[in-house]
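Summarising the annotation, TrEMBL assigns transmembrane segment to 31-50, 62-80, 100-133, 159-180, 186-207, 214-235, 247-268, 275-293. As annotated by TrEMBL, domain 'EamA' applies to 162-290.
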Amino acid sequence: MLYLLFSVCASVTVSILLKLVRNTNISLPQIIFWNYPVAALLAYFIAGSGQIDFQVYLANNSWILLALLGILFPSVFIFMGKAAQNVGIVKADIAQRLSLIFGVSAAFLLFNDVFTPVKGAAIVISFLAIFCLMDKGKAHSYRGLSLDLHRQQYAQSRYTWLWILLVWVGYGVIDILLKYMAVKNFINTLVAIFIVAAILMFIYLLFSRARFNLASLITGAILGCLNFTNIYFYLQAHRAMANQTALVMTTMNLGVVVLATILGTMFLRERVSKVNILGILLAIVAIITLGYGDQILAQLLQADN
């Protein structure tokens, strides 16, 4: 669980950083680009990726994983940005969190996690918790500014549904591929994945005719450190809890939303409704039930006998 705690903290810090730069002159595509070379360097020196053999990648077909994640990592940032522009950040966030259904399904169908009625109930509770935590009521306060989410107009297009779908599927597929990385012990491919992502993002910036600046580089370097920390410890959590895939994925998703809600209330003056508080409680219940529910039920049944 300690690995998950580190990963959750890094993920939430990434979200806060991206929120803070949204209303500045710092270029979001640029910081996304700069984050990948920094993450690649960290992967090279810290994650045991110092021994890179591209012939091994080709021999064991891990190049497919490398290519998919290298494409998806920068792509989901773009999908998320487009979705937020079209329907707002709240609905885009909901689409991201609901991608948990892909990971949980894969946990039982592909990664030998054992499904039980107790785990099924915990998963249902976790989705209820997500809806409660993502509920912002009629108004959303950010840094003292009240935004009416129901009246705010977004630049909707006929492709709105597509951006939401790409966010939902994109994050779901990433979760599954990261679990596969942990299972196959392909963590040393992280450096190559980040390099591929950096190259693709650089091409995107060239076509956008972006002008690079120092502020974006520095912010991107910070983002790269956080992004690497998030992914590295998430992979370590999967390795440490190899037979509890659903628990890892659910705890990660709920943990991010719960911590973001708490920190948003404390530091960004975001309002927390009674529904949000209910969501926090449901999240705690879901995680405990998913992790220990079967053991508790077995002990209770044994005590009755």
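Count begins at 1; order follows the chain as displayed.
The backbone N, Cα and C atoms fix where each Cβ goes, glycine too.
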The recorded stretch from 62-80, 159-180, 275-293 sharing the largest number of CB pairs under 8 A with the transmembrane segment (100-133) is 275-293
Any residues 6+ beyond the ends of the transmembrane segment (214-235) with a Cβ under 8 Å from its own? 3-4, 6-7, 10-11, 13-14, 17-18, 21, 25-27, 30-39, 42-43, 46-47, 178, 181-182, 187, 190, 194, 248, 252
Counting only residues 6 or more past its boundaries, what in the same chain has a CB within less than 8 Å of a CB in the transmembrane segment (62-80)? 28-29, 32-33, 36, 56, 92, 96, 163, 166-167, 170-171, 173-174, 177-178, 180-181, 184, 186, 189, 192-197, 199-201, 204
